[in-house]
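Q: Pasting in a structure now, in structure tokens, and then I'll have a few things to ask.
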């Protein structure tokens, strides 16, 4: 189309809107064609696959329990139900002050407590109980991040520390009282620098009665390293205990329903019995004993609750991406802008190829990451001493990657909804502020990815030194001959699992070799190993990304392969191909190190656009399979015209 004629047509359309003849006094005003809403279900084709079956793949577990908890929240006025047209949405009132948000968070906890939601969260055991707990936590996070974090601090950090680090005397005293929310614990690890001031401690400012303190243990003036202690910081009436000072961290850009606080300990005496002693103990005669002699390994043993936190954060991030995508896709199917042909109807946003490019690859990534999060959860709940190292590496890599993806998804969906995305009631904009913190708590993402690369380097050096094959972490492909990537990439080749895995494995094995070589070169020039690793951070970042994306692809492909032949398996194949090829499109290392030629990279890019066109008819069906009730979405996901009408003001 001639650009000048297209511009002239757009100007004519706008002029037509502005220069409409004045209606007669008797003629009612009519809405313009562009301001018209029909539910997308009326215009979209019926689902080609079983929506419930895709939900089972993506949710992975406890579907009925999730639905029960969603209904429980919908039924209570504590969860701020708000009418919009013929629908009711439940979303926190972010116009409240932080004091009001904190107070209502506590009331919501009491409501859920009395309905048995937290039963077994601390005292329960076994994979099924832990998976159910994770499912409930994901549902709560979909409603409100503050509520989920407030619960996570007490049940997972404090409760997990008592359970993992304590022994029977601690379990008998604290576990049931914690589960019944009679004891409200917090987790004092973060410091401004080094010393006795703890900072950002969730629950400390208002409500916590007890805390876990991480502190150096000195015996006869000799430091035995960091240990965990229990301390009571408030009495039964809520008064701060002697030798303890507490202050509020203040208003935040998100999570204002959580009372983050600062704690100072001034010569606080902690009884010997309140040292959590599963790893080390001080006997009545003052003798120090430990089953782990190395200080660093002892400290690593104290990181178990953080590992669970990373598992939980990674899974939660995927669900928030689902919320944003469900809203943005539904809006994009009903919001129209301009026409493609003269005098033709205006086009839904999601029918524009550029809009598809913005949203549909994010859907594919989110589905692939759902599979990865489910794999991580299953690995964690069935953990053994032998799998602890793998869990640490997977939880670090996936926590970082999935939370980064969540923030990108939220931002893109916000922009894809235009100004409507800024309205608090439409959720996406406010979720950016609420969930940005995931990138830094329970481990800064950049630091976590550095840990992943260092762990992979250790595996590489050990295999090289012992002349042994790689085993575990999916690194067995390193034992095979180097994959050969075809020069001529047809559509069939680009979409094959073998090609996709070969390409991502090639990138990973080459980057691992490059990383090891660069670290070795720095050492050969006199740098210490620690400094050599720090100086090689660019390759380390690329390697961690390569490892994580290959892991996600492998897990998603495995979920696809176990499906019976049919429409669902075909859809998963489409999503898997889009995931693999968008990873290629977004990482310069495929060109930087020559894994693909310029022509092959261009072919992969074009294939993603083809995949967008093929996924477009199923977009509504996929986001409808996310299992998120309508009430937890937002007005622009439905009749956004009615939600912005004059009549809707009576509901505000």
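Backbone N, Cα and C define each Cβ position, glycine as well.
So TrEMBL has the following annotated:
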type: ACT_SITE; residues: 442; note: active site, proton acceptor
type: BINDING; residues: 190, 202; note: FAD binding site
type: DOMAIN; residues: 306-457; note: domain 'Acyl-CoA oxidase C-alpha1'
type: DOMAIN; residues: 501-633; note: domain 'Acyl-CoA oxidase C-terminal'
Q: How many whole Å apart are the CA atoms of residue 190 (FAD binding site) and residue 442 (active site, proton acceptor)?
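A: It is 10 Å, counting Cα to Cα.
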Q: How do the residues of the domain 'Acyl-CoA oxidase C-terminal' (501-633) split into helix, strand and coil according to DSSP?
A: 110 helix, 0 strand, 23 coil
Q: Do me a favour and check the Cα-Cα span between residue 442 (active site, proton acceptor) and residue 202 (FAD binding site); whole Å is fine.
A: 12
Q: Among the recorded positions 190, 202, 442, which residue has the fewest other Cβ atoms within 10 Å of its own Cβ?
A: 190
Q: Restricting attention to the domain 'Acyl-CoA oxidase C-alpha1' (306-457), give the mean pLDDT.
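A: The average pLDDT of the model in the domain 'Acyl-CoA oxidase C-alpha1' (306-457) works out to 95.
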